[in-house]
Amino acid sequence: MSWIESPGTFEGLDLTTLKVDEAFLKFTLDGVYHLYQLVDECHRCPFTYVRELNGSEVLTVSTKYGTSWRLYTDHVGQFVQDGDKHAFTCEFRPKNFGEFGVYSLDHIDGKCEVLTAHPPVNIYLPLLLIVAVLLTVSVIVSIVSFFRIKWKDEGSNVENLDKKKSNRLTAIDAFRGICIVLMIFVNDGGGQYNFFNHAEWNGLTVADLLFPWFMWIMGVCIPIAVRSQLRRNVSRVRILGSILKRSCTLFLLGLTINTVGVGGELTRIRIFGVLQRFAVVYFVVAVLVTLLMISLYRPQKATMKGPLNDVSNLSVIWILMFALLAAHCYLTFYFPVPGCPVGYLGPGGIHYNGIYKNCTGGVAGYIDKLLLTESHIYQHPTASEIYMTGAFDPEGPYGCLLSVFQVFLGVQAGAIILSFAGWRCRIKRWLLWGTLFGILGTVLCQARQEGGWIPINKNLWSLSFVAVTSSLAFFMTSFLHLIIDVKRLWSGAPFIYPGMNAILLYVGHEIAHNLFPFHWSYGKMNTHLILTLENMWGSFLWTVIAYMLYKRKIFISL
């Protein structure tokens, strides 16, 4: 057992030449054969041609996904359907398939036998070691901080925001900070662990949670910020003007980031992106809250009455949201897309044996291309690696519809803060909302990754995706509020610091994604351990920068 993924050598094979998530597959054959493969993540896909094999050969294969292989006596095309047995010899799947393993396949007298000649390394041991160290340090720091806070006079906690931000819960800043730090880590590579990368199409990983959580948190802050301005006698016209200004700034900033490393070629510049979606959705939701949230125009005491006051204050907007959901469902499941089946939600490409090759994302992909043209959307979606799809924008215009609803659910959480002063009332309601949307998301996807009514899908920003990620956001906020703001078991550090300058850190890490000292390489960089440490280093540096800005009381917002 190696805690550092030491590859070594085996029977003359230099395993150090392998990259991360690679292994050797040795063939001993009695003639010429043709190799085809199918990875587990490619749902309803055909086997894909790899290469011709003759006699004894050694191939380098990816272990990122579970994989099945087939041998055929003839080249029967680029793709072979699962049931096609013409010229078929055998199908095999190595057991204990993993990084730096060596596997041998013998095909003699019409029989295939696959063995594990050299076991793979355990790629999760280094991560476990890193997590153990971080948890140990965190526990020690938390214990010291807890007793230090207890020894200080009430109200002198140096970890809290200044009094100007007293209406904003520290838990919200900590939650936002967790999101931005993990987002930087994931965008830098996430140690090349699958769960720190986005799902290829349907499904949910840690990486898929961060963007919707970030947007949800933005929704929480909208009613608090708008009411604060109104109570300072800022007119609604001025508030709407500042909303427009901020949205335009975010959109232009996102457009600028899209040109980093690729240039500003106007014929193919990507128009939408992460910050652009923030801009569009923020504008829509903030305008609705400014104009239609009832409690914004009542004295503060009025917001403390009634068990459903948080919902009634948003009643008009809720009606609009239901209309939005109805429109989205109609377009998604009933709008005809040329050359595609009605209601198709798949990745296109070789999905369903390639019969819907140009239908990536169904109506979402069609409308985005109609509005922006194919040259101005994302050219390398996550599905392209295994489904061989074309251009598709996971942050395109169509996805903004349900993103508006997701941010509004954050507004609902913020309305609870404004409507109820007691922490028990707040947490009970957050947990209730979290449970309701957790059940909704589970029902919509039928508790499975593939084949549900509405699969959980970040690329499509599906309704089940919104429901499940919002549910987890409600639960996360409840937990953080309890341990940070109520029980004071944790100050929220170090995440509160990046949480107060999240936009700056996001833009900074996008611009500096290839610059030293934020990134470096040493040697072959072919293990999860070294990649995780390098990716963590970038997140650590940006957290230090955020702390330095906090100490100097520099908070940059748009």
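Note: Cβ is positioned from N, Cα and C throughout, glycine not excepted.
Any TrEMBL annotation is an automated prediction that lacks curation.
Quick look at what TrEMBL annotates:
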TRANSMEM  123-147  transmembrane segment
TRANSMEM  168-186  transmembrane segment
DOMAIN    168-297  domain 'Heparan-alpha-glucosaminide N-acetyltransferase catalytic'
TRANSMEM  206-226  transmembrane segment
TRANSMEM  247-266  transmembrane segment
TRANSMEM  278-297  transmembrane segment
TRANSMEM  317-337  transmembrane segment
TRANSMEM  401-423  transmembrane segment
TRANSMEM  430-449  transmembrane segment
TRANSMEM  461-482  transmembrane segment
TRANSMEM  489-509  transmembrane segment
TRANSMEM  529-550  transmembrane segment
Completion exercise
Residues outside the transmembrane segment (401-423) whose C-beta sits under 8 Å from one of its C-beta atoms, at least 6 past its ends, are 169, 212, 215-224, 227, 277, 280-282, 284-285, 288-289, 293, 295, 303-304, 309-311, 313-314, 317, 321, 324-325, 327-328, 429-430, 433, 437, 461-463, 465-466, 469-470, 473-474, 477, 481-482, 485-486
Exercise for the section: Could you check if the transmembrane segment (489-509) is in contact with the transmembrane segment (317-337), meaning 3+ Cβ pairs under 8 Å among residue pairs at least 6 apart in sequence? Expected result: no
Handout entry: Same-chain residues at least 6 beyond the ends of the transmembrane segment (529-550) whose Cβ lies under 8 Å from its Cβ atoms
Key = 4-5, 20, 126-127, 130, 177, 181-182, 184-185, 188-193, 494-498, 500-501, 504-505, 508-509, 517-523, 556
Exercise for the section: Determine which residues of the chain contact the transmembrane segment (247-266) at the Cβ level, with the cut-off under 8 Å and only residues 6 or more beyond its ends counted. Expected result: 272-276, 278-280, 282-283, 507, 510-511, 513-514, 558
Handout entry: Positions whose Cβ lies under 8 angstroms from the transmembrane segment (168-186), at least six residues beyond its ends
Key = 159-161, 196-197, 206-207, 210-211, 213-214, 217, 220-221, 224, 417, 473, 476-477, 480-481, 484-485, 491-492, 494-500, 502, 505-506, 509, 535-536, 538-539, 542-543, 546
Completion exercise
Taking DSSP helix as H, G and I and strand as E and B, the domain 'Heparan-alpha-glucosaminide N-acetyltransferase catalytic' (168-297) has 95 helix, 0 strand, 35 coil
Completion exercise
Rounded mean pLDDT within the domain 'Heparan-alpha-glucosaminide N-acetyltransferase catalytic' (168-297) lands at 93
Fill in the blank from the handout: Spatial neighbours of the transmembrane segment (430-449) not adjacent in sequence (6+ beyond its ends, CB under 8 Å) are 202-203, 409, 412-413, 416, 455-456, 462-468, 470-475, 477-478, 481
